[in-house]
Amino acid sequence: MSSLSSLQINKPFDGSGITPLMWACYKGADRRIIEVLLKAGAELEAKDRWGRSALHLAVWSDHLHAVEILLSRGCDVNPRNVNGQTPLHRACWWGHLHTVDLLLGHNGIDANVVDNDGDTPLHVAIRSTFRRNYKVVCAMLKQDSVNLEIVNKEYRTPLLEAVSDGHLGIMQRLIARDANVNAVDHGGNNCLHLALKRKNNFHSEVEHMTMLDQYLKDLKLGKKKRYSDVVVACYLAHHGANFYCKNKCGRTPLDLIEKENFKKTLNMLFRPTQCVFCEDEVATETFFPCKHLSLCKKCCPPKIPKRCPTCGQKITSKNSLEGPKSSKPEVQMLAEPPVNRTFEVKETQTLAEPVVRPKVEDKASQTEAQPLDILTLEVKHLHRVSKKLAGKWQQLGRELEITDEDLQIVRHENPYNIVEQGYQMLLKWFQSCDPAKRTPQTLKEALLETECFVAAECLLSDFS
């Protein structure tokens, strides 16, 4: 060891900035070699000229043993390269399924990090050109913390990317997770616009979908058209996508269809929704999740109703059935809103800097709820919030004045389960803090301070 220690163990080979540890991880060197380098003082967080750490390079070459060693030594699991991408981004791009599983199971992983283009690892997995991307997407969707409504610089959600790239199997998985089928991109295009603009057929990794056969029959098409744009558009419309949504150019998806017989058939199959109040105008707003309440502009109230007048179910969101007039979709979400972030490119590292903080405080005034500081916080609320922390439980714990020693105990007793870790942390705070401060207001302020906006919305929805 003495001879090895005398070497400049962290000196890069050349102008690339790659250190011996980075090279060993990239090449998949024997476990013992990596361990020797680390014992000799190799820096875990050193980066090359492209901002890549040893973990980036181990992930890139898919050497699981190197990834395991680095993670066990406490390396940062979310470092960013010059493009703002984390190791999870790269694993998703290359289709390294087992590496993706390993990273997702590690404490502190943030599956919703956005790169310089606003893409999350899920966006990247969907756009990957490798055949294994379907399995990688499925692995990502098993994580409750993965946000399906984050939009990139083109204002596209993962579902819009899947439609644009023709991934029918991935589309099915996203819709099964309640992805918003009426999200629109920067041009005001919804998923039907994008589906009908495709020149090539869709492809699917899933089993036979009998629904497509029914639409083949309705449109009088042969089996070769089973994955064509118009048939897949019918599948999306069946799940709630709107054929009458106008984009910024004033065109609806129906306007993109050249054959008049198709237009007539689709008009019959998917008639425009009429306003349930006046029954004269076409509905422009639909209220979720029950979708019973669809209103035109004239009948739509200025505030979102608390409950559906038909079934009595609590209303959580309102979706506009018209394209946006501005660069942002006209979607008002009361629970789990899309998060859009803007980034500055720094010389050595790109850090996420949210420009606008969601105004979750407005929720209280919209629903005319009682002040949060006089309401009672219960354990069931902690359960719900812990599922929305997305790996930020330790940061939140420190904001709630839990000691690092207690956080380490929680981490040690609940390995590889960030949801349970988050819950146990919240429970420790709940049981140990001053009863006067054990209120939804205290927790909400801590969530906002640590930028856990989705969790804050989840908390507020319990007291609406």
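Here the Cβ of each residue, glycine as well, is placed from N, Cα and C on the backbone.
Positions annotated as repeat 'ANK' by TrEMBL: 16-49 (among others). Helix, strand and coil counts from DSSP across the repeat 'ANK' (16-49) read 17 helix, 0 strand, 17 coil.
The repeat 'ANK' annotation in TrEMBL covers 50-82 (among others). For the repeat 'ANK' (50-82), the model's average pLDDT works out to 97.
Summarising the annotation, TrEMBL assigns repeat 'ANK' to 83-116 (among others). Per DSSP, the secondary structure of the repeat 'ANK' (83-116) breaks down as 16 helix, 0 strand, 18 coil.
For 154-186 (among others), the entry in TrEMBL reads repeat 'ANK'.
Taken from TrEMBL, the feature domain 'RING-type' applies to 275-311.
Residues or ranges marked as domain 'Death' in TrEMBL: 392-463.
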